[in-house]
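A.B. asks: Pasting a structure below so you can have a look.
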């Protein structure tokens, strides 16, 4: 029966994998719903306050670029050629071979440069043209050949197009997507969890599918009770920090994190899914690797280490078991549980796996940095070639003996190794860190320039264009079955109680890596969600027009911000009422949908603007004169933050203004009229945006 369950789990998992690769959007069991277009008023202010509404910030984001591109192609005729030119250059930069780049560069030059020069309509500088021409004449086609044009195209976008984009509906759509991104609160319900694929000291790893996009991931679940029992809180939190440091930027050689979240019982990391097993497993199945095969793995691992070290992260646990293969045979470094940030302080701790730890790591009280990883790389490459660590000969398992040999033994390299390989390993396994390869001041660049890698095109490595020496079997789960992986004994943690103080440790644990979420959305549901939202918004706009509803009430007024909130403020009312609010320098107005604003609250009536909590939801509390109160609830975190800030700012400025207004004897004053005579012109107006 257990065998049948294992087979069914494998079949379900493999089917989910195949469907996810073919049509991930079709596998989505939840829908992403974009907020109303009116969210723009709040989100624009929220993003502006954080310096996010600039050309560089928006253009560098995947969804920002896609929407900017769509605006140029469909709504701005004069920008269309610039976008097409930019796209062609980006295609050129991704080409593998010099032959392909030669053909493509000539095509781009003829179509976008020479053609414009002949028609005297070339909009770019003479220096950019000469830069490209001179290299083409010398038959030089580096990947950055057109970089001067990229810079000038972006400058044109910045000067001529960006402001028009900000005023367009495409920027509104960008605000809608950013609101979704900044309000992600993941739970287990956001994933379909499949079979177990691994187990560690604190928990298990499962294959899973994200419900709203259909994308497959690995879910690493750590048990909070087990963490507490083993006093592993610092390790668990450190792994989350290290993953957040290395999971940005383009690096296909690290198992990166897209999300982190927690439940009352578990910490969960959502990671890249690797289906090809690990190098330790393949070494045992395949036998030792040849020099050329090892060079392939070494090159990809070196780029992974370079990415980590550029972020001041030392890995400290490099070994074949931590190198995972994807379904095509390319590798990624996994499990950053022992990684360490050395940007502010160098570590001293002796951590890692015996037989791979550098001498400076083993020596007590000695500080080290990325040097530790280059020594470990030498140990690992030796194992791929010989089947054992250079300091674990005769299958000794005595950790003290292995450490002693690491600190004292001169490594003997077989005569069968090529001179280039011997030189590489001697450099990496040098016990004196000041003479070790990779530790002489230039880091990974020293290793990449070693003669052993002379024939390697590192751009080809980065683009994963070299054929892997070993391709994992397709249609198989390259992991032990659930029975062999085993499970934790629940009795171990039966007496462990999680207190509020334990949960407080994980208060800041949840995280979404923006660029990875945007890439996931772009690859799966972006077009579908946009099309459905366009259709719904067009239908609603037509209906409002037919009913004669006013949708530009704030336009031309000194409205600071507007948008939907839910309110609860009537002593006889215990239900939330959704209303549309307008914040002015002297008052807060609101209305039900389709109605003219009919209710208002002046700043003179308000005593304080505070934050409160209603049933685990943060809300805004307005205390009103006469002991009354007014509670506002927002649909998303950014809205709550921005409404609270703007209400406090307006309230404070209104109070300062009221204090400056001389008290008029024997004459009652209307707070609305009196304040509206002196608008706070220094505050920005949303102008109906």
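We number each residue from 1, going along the chain as drawn.
Glycine is treated like the rest: Cβ placed from N, Cα and C.
So Swiss-Prot says this about it:
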{"type": "ACT_SITE", "residues": "317", "note": "active site, proton acceptor"}
{"type": "BINDING", "residues": "197, 198, 199, 200, 201, 202, 203, 204, 205, 220", "note": "ATP binding site"}
{"type": "DOMAIN", "residues": "54-175", "note": "domain 'RGS'"}
{"type": "DOMAIN", "residues": "191-453", "note": "domain 'Protein kinase'"}
{"type": "DOMAIN", "residues": "454-521", "note": "domain 'AGC-kinase C-terminal'"}
{"type": "DOMAIN", "residues": "558-652", "note": "domain 'PH'"}
{"type": "MOD_RES", "residues": "670", "note": "phosphoserine"}
{"type": "REGION", "residues": "1-190", "note": "region 'N-terminal'"}
{"type": "REGION", "residues": "665-689", "note": "region 'Disordered'"}
{"type": "SITE", "residues": "3", "note": "site 'Required for receptor phosphorylation'"}
{"type": "SITE", "residues": "4", "note": "site 'Required for receptor phosphorylation'"}
{"type": "SITE", "residues": "10", "note": "site 'Required for receptor phosphorylation'"}
A.B. asks: Determine the Cβ neighbour count for residue 317 (active site, proton acceptor): the number of other Cβ atoms within 10 Å of its Cβ.
C.D. replies: 22
A.B. asks: Would you mind reading off the Cα separation of residue 205 (ATP binding site) from the residue listed as 'active site, proton acceptor', to the nearest angstrom?
C.D. replies: 19
A.B. asks: Work out how many Å separate residue 197 (ATP binding site) and residue 317 (active site, proton acceptor) at their Cα atoms, rounded off.
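C.D. replies: A Cα-Cα distance of 21 Å.
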A.B. asks: Please work out the mean pLDDT for the residues of the region 'N-terminal' (1-190).
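C.D. replies: Averaged over the region 'N-terminal' (1-190), the predicted model reaches a pLDDT of 89.
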A.B. asks: At the Cα level, what's the spacing in Å between residue 203 (ATP binding site) and residue 317 (active site, proton acceptor), rounded?
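C.D. replies: That comes out at 19 Å between the alpha carbons.
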A.B. asks: When DSSP states are folded down to helix, strand and coil, where does residue 317 (active site, proton acceptor) land?
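C.D. replies: Once the DSSP labels are grouped into three classes, residue 317 (active site, proton acceptor) ends up as coil.
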A.B. asks: Distance check, please: Cα of residue 199 (ATP binding site) against Cα of residue 317 (active site, proton acceptor), rounded to an integer number of angstrom.
C.D. replies: 17
A.B. asks: Quiz question: given the binding-site residues 197, 205, which has the greatest number of C-beta atoms lying within 10 angstroms of its own C-beta?
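C.D. replies: The residue with the densest Cβ neighbourhood is 197.
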A.B. asks: Counting each residue once, how many in the domain 'PH' (558-652) are helix, strand and coil under DSSP?
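C.D. replies: Each residue of the domain 'PH' (558-652) counted once, the result is 16 helix, 48 strand, 31 coil.
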A.B. asks: If you count Cβ atoms within 10 Å of the Cβ of residue 201 (ATP binding site), leaving out that atom itself, what do you get?
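C.D. replies: Around the Cβ of residue 201 (ATP binding site), 12 other Cβ atoms lie within 10 Å.
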A.B. asks: Count, for each of the binding-site residues 199, 203, the other C-beta atoms lying within 10 angstroms of its own C-beta, and report the residue with the smallest count.
C.D. replies: 199
A.B. asks: Using DSSP, how many residues in the domain 'RGS' (54-175) fall into helix, strand and coil?
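C.D. replies: For the domain 'RGS' (54-175), the helix, strand and coil counts are 96 helix, 0 strand, 26 coil.
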A.B. asks: Between residue 317 (active site, proton acceptor) and residue 201 (ATP binding site), what is the CA-CA distance rounded to a whole number of Å?
C.D. replies: 15
